[in-house]
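*Asks:* Reproduced below are the annotations present in TrEMBL:
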{"type": "BINDING", "residues": "Asn118, His123, Glu128", "note": "oxalate binding site"}
{"type": "BINDING", "residues": "His121, His123, Glu128, His167", "note": "Mn(2+) binding site"}
{"type": "DOMAIN", "residues": "62-221", "note": "domain 'Cupin type-1'"}
Amino acid sequence: MAPGFLTPVSWSVRGGSGACSPCRCTVGARRRPGPPPGHLRRRPRVNGFPCIEVPTADDFFSDLLALPPPNGGGSTRATGQVPAVGSVVTDANVTVVPGLNTQGVSLSRTDFAPGGVNPPHTHPRASEIIFVLAGTLDVGFITTANVLFAKTISAGQLFVFPRGLVHFQSNPGNVSAAAISAFNSQLPGTQFIPSTLFGASPDVPTDVLAKAFRVGAAVVDGIKASF
């Protein structure tokens, strides 16, 4: 018998003569099929995002990743200020590029101030491949067996982060750095480990975190205060 994801299934299709004839197809549950023709008009919403009634070229275009944020690497576009972690991520996903809906791809740009980090985080819905535009980055991911895979990469080099694994990037240099990341999801999702644990609302109970990290409650409360 074929594996479950290749099991043939049948439908009965009524023809013009009134007779029913079998129609067979192979269902690949492990691979999402491509969008059908006219997918932008067929349904009012797909994946929670509205389909485009009359699409234009602008629905498939963005220049968000063209330039670094103001005042150099690591500053935010909204304020021009450098966040405490020293990096800022600019996303080009389905929320800002409507034409990405159902396409299963997206990009982001991360700009790093000298010494900046992109804190440990995961993307629950996507694998990531990062390509360094400028500068040097220390990058790595941790497997489910708690093994660290790490590398120092420079402009023109890339590194892969498997789906769902905790990973990070940091800029060890004294100049700004920048990188482009590609994802196999229109909306990868990002969960930063520090803010998830210490900045959740409502709070994760202090005693849970104190026991998990083997520290006192005062230490946990002090970290929570910074979020």
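Glycine too: its Cβ is placed from the backbone N, Cα and C atoms.
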*Asks:* Express the predicted model's confidence over the domain 'Cupin type-1' (62-221) as a mean pLDDT, rounded to an integer.
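*Replies:* Averaging the confidence scores along the domain 'Cupin type-1' (62-221) gives 93.
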*Asks:* Sequence gap of 6 or more, C-beta under 8 Å: which same-chain residues meet both conditions with respect to Asn118 (oxalate binding site)?
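*Replies:* Correct list: Val85, Ser87, Val89, Thr110, Phe112, Phe168, Gln169, Ser170.
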*Asks:* Does anything in the same chain, at least 6 positions from His123 (oxalate binding site), have a Cβ under 8 Å from its Cβ, and if so what?
*Replies:* Phe161, Arg163, Gly164, Phe183, Ser185, Pro188, Gly189, Thr190, Gln191
*Asks:* For the binding-site residues listed here (His121, His167), tell me which residue's CB has the most neighbouring CB atoms inside 10 Å.
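*Replies:* Of the binding-site residues His121, His167, the highest Cβ count within 10 Å belongs to His167.
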*Asks:* Return only the integer: C-alpha distance in Å from Glu128 (oxalate binding site) to His167 (Mn(2+) binding site).
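*Replies:* About 10 Å separates the two Cα atoms.
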*Asks:* Within 10 Å of the Cβ of Glu128 (oxalate binding site), how many other Cβ atoms can be counted across all chains shown?
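*Replies:* There are 22 such Cβ atoms around Glu128 (oxalate binding site).
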*Asks:* Write out, in the order they occur in the sequence, the residues of the chain not among Asn118, His123, Glu128 that have a C-beta within 8 Å of the mean position of the C-beta atoms of the recorded oxalate site.
*Replies:* Ser108, His121, Thr122, Ile130, Phe161, His167, Gln169, Ser181, Phe183, Pro188, Thr190
